[in-house]
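A quick write-up on the structure given underneath.
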Amino acid sequence: MAMDEYLWMVILGFIIAFILAFSVGANDVANSFGTAVGSGVVTLRQACILASIFETTGSVLLGAKVGETIRKGIIDVNLYNETVETLMAGEVSAMVGSAVWQLIASFLRLPISGTHCIVGSTIGFSLVAIGTKGVQWMELVKIVASWFISPLLSGFMSGLLFVLIRIFILKKEDPVPNGLRALPVFYAATIAINVFSIMYTGAPVLGLVLPMWAIALISFGVALLFAFFVWLFVCPWMRRKITGKLQKEGALSRVSDESLSKVQEAESPVFKELPGAKANDDSTIPLTGAAGETLGTSEGTSAGSHPRAAYGRALSMTHGSVKSPISNGTFGFDGHTRSDGHVYHTVHKDSGLYKDLLHKIHIDRGPEEKPAQESNYRLLRRNNSYTCYTAAICGLPVHATFRAADSSAPEDSEKLVGDTVSYSKKRLRYDSYSSYCNAVAEAEIEAEEGGVEMKLASELADPDQPREDPAEEEKEEKDAPEVHLLFHFLQVLTACFGSFAHGGNDVSNAIGPLVALWLIYKQGGVTQEAATPVWLLFYGGVGICTGLWVWGRRVIQTMGKDLTPITPSSGFTIELASAFTVVIASNIGLPVSTTHCKVGSVVAVGWIRSRKAVDWRLFRNIFVAWFVTVPVAGLFSAAVMALLMYGILPYV
């Protein structure tokens, strides 16, 4: 059959296929390196370079088998024997519908499934062309089932692996020995799965036809050699690196403790009475007496009683005014009487009282000290700023947030917060005492006008309920330095593995219809008996990489950071288990969604780490998008198919 008159559709198909590959790279690239970028083991530029290499390699070696499912497994191509041009127009329509919806989703930073798009688009044009009889519904049912199986299976595998790692490595007092013992196993498992995938799926491309047992034996042998190499060279090097890092951090910690001890010995803990501090009866209220007394006193406090320090109380503002700084470096809140009858003051950092305060808090801590109060002490010592020690004296809660991206401003923002009050002074000059006093004054006035009870964060909860230590929550969200080193390169390796699997699976979403279009044009029929050309797979890989570099960062933010915090240890389990699921599915020719596998793994591991770590609202939106994608892509494809069938083909 002469097909030259339809050459225009082939040319149009190549253009649209590249746009479709671009959209796949812009949206689905977050499945490969999103978690690696989110955990900080690679930068965005490094992720793009690595992904470009492994996406292209995976598309060439693994993409052929899944491409066959996309081309011939969803619709019955034999029904188009007499209307070849209709099938060609349908393939073009499928690519247009899928590309348009994925570009829209990428613009909206919404991670969707490229597999969903192409399947929905294929069904859409078939319904317009020959109705429901053109769809192989049983194959569609299997594909739909895989959409649910893939996140559940990937999530289960990731969760199981993470639980084992947490029990045997992360929760140990010294995680290094077990971590080093497990490194060869982790590397061997990663390499074995990767080699098996290449040998099994890519063997025909490489000109190798081997039985299953031979492929398994080769994969196992390569994995053993790699494990031996890791045990012989990588583990000793990693042990030396971790030991050196821990020794360096230990030395810095000792220097910090010695500095504090010298400060405490240099000043005797004698607190002076502050002028300008008045109680309701106009009598002067001293900040404190001897070292054993509290920071605030009242008439109701009997001699010899020692209430806890002010930073451990729930305090409320009733009335008062703010005075300007006093010459001796103090700052008085004249008449600020709290609900407990105490009067509290702000002192200057250079007045000498700050050192006494440090000593007071240090000796006031007992073995029964609550975790939240312990956290306040660490916060005070770490920040050494006006905000922190004022919080300790005046009962104002402090939430310190540091922007790692701005190394020049490690104390970029500190907030004074109440139940409904939030005051933030960006880039506050802590060496300027007056600017700090203004910040405190504004927070106090805001609390006065709103009638808000100002409380310490440690006292906001019910005192009868067990308190959660913010420091412990932060520790739970981050890996220890030695654990970070153990899993750093391992997550990079698994991310490359995931990118390889992504290229093998998702290149078919972009190139499957183009391959069908090309083979129909070359053979003059719909049978498509020839193998998938390698150069077409490479063409799709180039398009995916282009989309990654231009627009990939938009969805990386959603997958790598917004859904749940990622650490190297959790990222490793997410990458390995989800990539394993995708590779297995690719090898059996089942078009699973890499988005579903990765989302399932991220949510499962995040939920196991902490019930509060997962953004369930975002997960709900993603879950809804899974169902919306198929009909929306189908509608776009059906509209284009109707235009081609009834508006263009009859006149060509």
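Every residue gets a Cβ built from N, Cα and C, even glycine.
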Among S32, S256, S407, can you tell me which residue Swiss-Prot lists with the annotation phosphoserine?
S256
To which residue among S259, S351, S413, S508 does Swiss-Prot attach the annotation phosphoserine?
S259
Which one of these stretches, 110-130, 425-445, 509-529, shows up in Swiss-Prot as transmembrane segment?
110-130
Per Swiss-Prot, V84 shares membrane side with R553:
no
Given the candidates S316, S321, S593, specify the residue that Swiss-Prot annotates with phosphoserine.
S316
Could you check whether the transmembrane segment (87-107) and the transmembrane segment (6-26) come into contact, where contact means at least 3 Cβ pairs under 8 Å with the two residues of each pair 6 or more apart in sequence?
yes
Can you work out whether the transmembrane segment (143-163) touches the transmembrane segment (531-551), with the criterion being 3+ CB pairs under 8 Å where the paired residues are 6 or more apart along the chain?
no
Among 214-234, 483-503, 531-551, 594-609, which stretch has the highest count of C-beta pairs below 8 Å with the transmembrane segment (6-26)?
531-551
What stretch in 47-67, 483-503, 531-551, 594-609, 622-642 has the biggest tally of Cβ pairs under 8 Å against the transmembrane segment (572-586)?
483-503
Using a Cβ cut-off under 8 Å, which residues of the same chain at least 6 positions beyond either end of the transmembrane segment (622-642) come close to it?
89-90, 92-94, 96-98, 100-101, 105, 110-113, 116-125, 127-129, 147, 563, 593, 596, 599
Taking only the residues in the topological domain 'Cytoplasmic' (164-190), give me the average pLDDT of this model.
90
Could you count the residues of the topological domain 'Cytoplasmic' (552-571) that DSSP puts in helix, in strand and in coil?
14 helix, 0 strand, 6 coil
